[in-house]
């Protein structure tokens, strides 16, 4: 059985049956284009890391709310320290906002730098 199969697919047999004709396809075959698995995993890791890094922005918002909430409580307790409390509140707001912006920068860094 295997000898018959070898004879049927051997080049000598096919030349004898077809007579030295060369068949060329009318249309070129298209190959399937896919991305490499490692690139897909890398891009998924980038998006997961960026999403995890944006959690710090929510912490910044909570910090800003806490700073101005404490400012209002401080005004209510001692209105004579209004100017000093306000300057401390602006300093706290700036530091908290800077931390939020750093977290946002670290979230965008893996997406666009790597």
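Just so you know, glycine gets a Cβ as well, placed from its N, Cα and C.
Marked as domain 'V-ATPase proteolipid subunit C-like' by TrEMBL: 48-109. Sequence annotations record features per position, and here TrEMBL assigns transmembrane segment to 47-73, 85-113.
Mean pLDDT across the domain 'V-ATPase proteolipid subunit C-like' (48-109) comes to 93 in this model. Applying DSSP to the domain 'V-ATPase proteolipid subunit C-like' (48-109) sorts its residues as follows: 60 helix, 0 strand, 2 coil.
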